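Notes for the one structure printed next.
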């Protein structure tokens, strides 16, 4: 009889991962997350980071973190509903509401927590959640926590969405349509105006997870809702503070009613300590910086367009991305992972993405160009893509 403490069942599952070629070890960075990094002791060009604007190591933002620690200490010490709600947390929510051009904002400890806490808080038995089939895992998990019924519509397929809405028009008290603003694996933008039109036509609420749109799309990076001019017509907008903003945390933007309800029923808010002052102070500075200039978003888009053009000219399939996210689609899963490995051996770190994260036969490496990259770095990366692509007969 096996010793239960040896966790033999997990050892067997781990071996299955190794047999399938999808076992991985956590890469170790030796320094800040920038355009070039020290990874496992080797200097490489970084094309895997969500640090879109280069804010994660921005000197002005780092100083704001240090100043906040000096004034407030290193931790909040409690959940916000008890004694963990400092005036700096309130200031952050005011700044974010101004940035997102919404009535109110509720900050959570992560973007994942936003979806885990909000979806279950605003839906219940007798409601229907209608989710794009390619939505982020945190949306899927958040929906699972709700007692509402769930269904999906084909990715960005408005005819299918309308069919689902028609079929369920009179069956539920409330309906909630959920979509990513920008889909992280392909970089495509949700057809949000059409979704909102259908939601209003059939009396449904709209919920947008804008993790990869905030700081990227819209005026000064205000996001997908701003990009399409849909303020006041989207009920819940989720934003992350760990990607373009460069720190940690997430938020829900919407009405005062939304915020009031989540302060009573948002479980991650109620049962987990609030963000530490250093994070809050640095986020405030980052958002103010973003509102004050388009320098960083302009540089991001300039770099993204430059890289896409160069990679496409080599003959790689980069899909139909409408954002800086640039998938280089290889196809067969094993080749995609081998391509990623060879790129790293040649000084470029870019993540291999395979099933079940993407559909079978669409294995890829996902390139994340940032405002922090120089043209020289991007040129070097393109040369490595060309070299490895030719060696593997991909070009």
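Residue numbers in this text run from 1 along the chain shown.
Note that Cβ sites are derived from N, Cα and C of the backbone, with glycine treated the same way.
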111, 112, 209, 210, 211, 212, 240, 241, 242, 243 bind pyridoxal 5'-phosphate per Swiss-Prot; candidate in 184, 263, 272 listed for that same site: 184
Largest CA-to-CA spread of substrate binders 24, 136, 357, angstrom: 21
Mapped DSSP class for residue 111 (pyridoxal 5'-phosphate binding site), helix or strand or coil: helix
Residue 24 (substrate binding site) CB neighbourhood, other CB atoms within 10 A: 11
Those binding-site residues, out of 184, 241, 243, that come within 10 angstroms of residue 136 (substrate binding site) at the Cα: 184
Residue 241 (pyridoxal 5'-phosphate binding site) to residue 24 (substrate binding site) - Cα separation in whole Å: 27
